[in-house]
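Beneath this line is the structure, given in structure tokens, with notes to follow.
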Amino acid sequence: MEPSSLELPADTVQRIAAQLKCHPTDERVALYLDEEDKLRHFRECFYIPKMRDLPPIDLSLVNKDENAIYFLGNSLGLQPKMVKTYLEEELDKWAKIAAYGHEVGKRPWITGDESIVGLMKDIVGASENEIALMNALTINLHLLLLSFFKPTTKRYKILLEAKAFPSDHGEETLRIEDILEVIEKEGDSIAVILFSGVHFYTGQHFNIPAITKAGQAKGCYVGFDLAHAVGNVELDLHDWGVDFACWCSYKYLNAGAGGIAGAFVHEKHAHTIKPALVGWFGHELSTRFKMDNKLQLIPGVCGFRISNPPMLLVSSLHASLEIFKQATMKALRKKSILLTGYLEYLIKQKYINDKATIKKPVVNIITPSRIEERGCQLTITFSVPNKDVFQELEKRGVVCDKRNPNGIRVAPVPLYNSFHDVYKFINLLTSILDSAETTN
């Protein structure tokens with residue numbers, strides 16, 4: 001199934017279909033892709049919801065014992081099966097040895113975050129001393145902006161993505177040329193550039209190194225909100241020279257709702273950028289418990305830590321990060337390109353906007369078609385009310401979400417979604433839209 005570096009997903013699908021002597025939309029293509037998928041066994045590491053347990057399900061339309069088609073890892077990742085084991089280990093340690101748990105076990109509570117931070121470095125492309133696991137995403141955004149945003153009479157602006165960017169009429173996404181043009185034009189008055197790595201609605205993957213280089217050339221600090229990028233696309237924060245970044249862990253990192261978040265500060269700022277708010281866990285461990293009120297701040301992002309890590313949240317994240325270590329981001333991204341490309345191909349085959357069939361419902365993909373400009377998510381819109389389509393998908397056990405103004409986000413995640421999931425989704429969508437066509 002592995003596409004060559006020069007082979008687009010559509011070409012891969014067509015090549016396999018020719019090999020199997022069937023149409024590219026045939027179920028045999030999906031089954032073949034799954035059979036050849038070297039990462040397919042990781043699906044067994046997660047609990048996949050059953051049809052019977054989903055609140056909106058219509059049991060008359062499904063087999064209640066089948067797995068749901070879960071395409072919502074961009075909102076909440078599925079639960080790794082080892083989470084229960086790791087949580088029980090910490091609860092058992094608390095029950096049996098109480099305060100001694102601060103210093104013993106595979107995750108000593110006093111350094112629990114540090115015990116797993118090494119598993120994050122390849123996911124975000126940074127060294128361990130550039131990463132801290134702490135708080136929630138919004139809190140970390142506040143902490144980092146308090147230190148990096150220091151407005152002056154000359155530099156007082158924060159640049160972030162919005163629909164106000166110049167673009168051709170009708171464009172849903174932002175062109176990199178337009179972003180760089182604004183940076184060049186306004187950069188002398190910009191203190192901080194703060195962009196998403198992947199846009200939550202459109203699924204557009206922004207060119208992080210290009211934005212970073214352009215912003216820093218104008219004297220701006222450049223940071224990124226990686227909520228929809230971490231665990232989704234390959235990142236190389238250190239080598240790209242990004243000044244700061246932060247992310248949550250409950251989406252693609254599968255750490256559970258409200259999971260412990262992460263922050264990055266480039267090592268070049270370790271001795272120059274200080275936290276505006278200081279807590280005792282930003283103090284060097286060797287003297288932390290002397291309680292002499294003499295601050296020995298840890299250099300870099302670890303100095304931004306406020307308090308001790310919540311060990312149950314650390315344990316949940318640990319279970320997922322171990323899966324990422326085995327799978328590797330490189331392999332996951334390679335599968336993701338083909339998995340989402342297969343979804344895109346089937347949508348275009350079924351619902352190309354053909355004026356000759358004007359009565360047929362139209363499906364549009366607003367996520368960029370270039371693979372380097374997107375992660376696993378596709379955002380799709382319809383010529384019929386998206387609320388109706390969404391409700392019918394839910395009744396049939398498809399878990400995705402609708403977002404205003406008129407999009408439905410569909411995110412096949414390479415860790416636990418299959419090509420056959422995509423095939424089944426397209427069949428269900430087809431039946432729903434065919435029904436809508438008949439009704440109208």
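Even glycines carry a Cβ here, placed using N, Cα and C.
Automatic prediction, not curation, is the source of TrEMBL annotations.
Quick look at what TrEMBL annotates:
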{"type": "BINDING", "residues": "LEU137, THR138, PHE165, PRO166, SER167, ASP168, SER196, ASP225, HIS228, TYR250, TRP280, ASN308", "note": "pyridoxal 5'-phosphate binding site"}
{"type": "MOD_RES", "residues": "LYS251", "note": "N6-(pyridoxal phosphate)lysine"}
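Here the features listed in TrEMBL are painted onto the structure.
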residue: LEU137; record: pyridoxal 5'-phosphate binding site; CB count, 10 Å: 20
residue: SER196; record: pyridoxal 5'-phosphate binding site; CB count, 10 Å: 20
residue: HIS228; record: pyridoxal 5'-phosphate binding site; CB count, 10 Å: 28
residue: LYS251; record: N6-(pyridoxal phosphate)lysine; CB count, 10 Å: 25
residue: TRP280; record: pyridoxal 5'-phosphate binding site; CB count, 10 Å: 13
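When the CA atoms are compared, the binding-site residues lying within 10 A of LYS251 (N6-(pyridoxal phosphate)lysine) are HIS228, out of the candidates LEU137, SER196, HIS228, TRP280. In the three-state DSSP scheme, the residue listed as 'N6-(pyridoxal phosphate)lysine' falls into the coil class. DSSP assigns HIS228 (pyridoxal 5'-phosphate binding site) to coil in the three-state reduction, placing it in neither a helix nor a strand.
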